[in-house]
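This report refers to the structure that appears directly beneath it.
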Amino acid sequence: MQILLANPRGFCAGVDRAISIVENALAIYGAPIYVRHEVVHNRYVVDSLRERGAIFIEQISEVPDGAILIFSAHGVSQAVRNEAKSRDLTVFDATCPLVTKVHMEVARSSRRGEEAILIGHAGHPEVEGTMGQYSNPEGGMYLVESPEDVWKITVKDENNLSFMTQTTLSVDDTSEVIDALRSRFPKIVGPRKDDICYATTNRQEAVRALAEQADVVLVVGSKNSSNSNRLAELAQRMGKTAYLIDDANDIQEAWVQNAACVGVTAGASAPDVLVQNVITRLKALGGSDAHELTGREENIVFEVPKELRIDAREVQ
């Protein structure tokens, strides 16, 4: 059984930055450090940080006065940000800069009095945070997930519309929704640069190449990870059996016993240690040494907040 690895896979710059912010805060200030929502959607990462003293909460009211609070990589609404400001808290923002870019687009539309349409998944924390950047009572903010949704919404002024997208969507699905938006609202204005982030796009491109060669595709990522789910769905759309797994323990021998080639990739919030454990498990089931496919090189780095960088050097 051949083992193929997608390239690129695993951590993106935004996830690296978010985890570093929590780790640095723990190293500098000591436990406990409060984090609003899971800092990234990966069970292994969250459990590891929890063991070191991170406390994950959903409501600002759960954070005691004087504590340190970190916003997750998914971003928060202005209401949440304002609530935190009203408290005696030290706040660090781990929002991915590429999510912040979308926040700025929404805020700009709100200031201009444009109505805004967000393409995204209802209930996802990134969507909640992005929708929460719109505050113009004279306008409106709408959420759509599919081309069908586009034809159901009612706007006030079809000539003063803009759209944005969640950063972790399926590139193909989003393209269909954008086509529907442009068809229904010919004057709608989109972002100058795609909102779907480079890491999401690159990992979907990589899983396409992987699925062309593999009989079975294993996607390492947690069930609540949007970008990981999109990778599994893409492989399935290409006619391949695909499984979303948290770790190597999820792999069932029956999944791969008749496979000549098993492909492995990982969502943007899944650490490489989990991929290595999957390779070890597959080898135990008869797999050969893993071979990595060629793919796009990623050199993007997002710095942690200045305060944490300075404090981190002092600690060292």
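Cβ atoms are placed via backbone N, Cα and C, with glycine included.
Predicted, not measured: the structure shown is a model, and the values here were computed from it.
Positions annotated as active site, proton donor by Swiss-Prot: Glu126. In the three-state DSSP reading, Glu126 (active site, proton donor) counts as helix. Cβ environment of Glu126 (active site, proton donor): His74, Gly75, Val99, Gly120, Gln166, Thr167, Thr168, Ser226 lie under 8 Å away, each six or more residues apart in the same chain.
Annotation comment: Swiss-Prot describes Cys12, Cys96, Cys197 as [4Fe-4S] cluster binding site, evidence class sequence analysis. Counting every protein chain shown, 26 other Cβ atoms lie within 10 Å of the Cβ of Cys96 ([4Fe-4S] cluster binding site).
For His124 (dimethylallyl diphosphate binding site), the same-chain residues that are 6 or more apart in sequence and have a Cβ closer than 8 Å to its Cβ are His74, Gln166, Ser226. The dimethylallyl diphosphate binding site annotation in Swiss-Prot covers His41, His74, His124, Ser225, Ser226, Asn227, Ser269 and rests on sequence analysis.
Long-range Cβ proximity for Ser225 (dimethylallyl diphosphate binding site), meaning a same-chain Cβ under 8 A and a gap of 6 or more residues, is found for His41, Asn42, Gly267, Ala268, Ser269, Ala270. Under the heading isopentenyl diphosphate binding site, Swiss-Prot lists His41, His74, His124, Ser225, Ser226, Asn227, Ser269.
Here Swiss-Prot flags His41, His74, His124, Thr167, Ser225, Ser226, Asn227, Ser269 as (2E)-4-hydroxy-3-methylbut-2-enyl diphosphate binding site.
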Cα-Cα separation of Cys197 ([4Fe-4S] cluster binding site) and Asn227 (dimethylallyl diphosphate binding site), in Å? 10
Length of the line joining the Cα atoms of Cys12 ([4Fe-4S] cluster binding site) and Asn227 (dimethylallyl diphosphate binding site), in Å: 11
Within 10 A of the CB of Ser269 (dimethylallyl diphosphate binding site), the number of other CB atoms across every chain shown is 32
About how far apart, in whole Å, are the alpha carbons (Cα) of Asn227 (dimethylallyl diphosphate binding site) and Cys96 ([4Fe-4S] cluster binding site)? 14
Within 10 angstroms of the C-beta of His41 (dimethylallyl diphosphate binding site), what count of other C-beta atoms is obtained when all protein chains are considered? 29
At its widest, how many Å does the recorded dimethylallyl diphosphate site span between Cα atoms of His41, His74, His124, Ser225, Ser226, Asn227, Ser269? 15
Per DSSP, to which secondary structure element type does His74 (dimethylallyl diphosphate binding site) belong, with helix, strand and coil as the options? coil
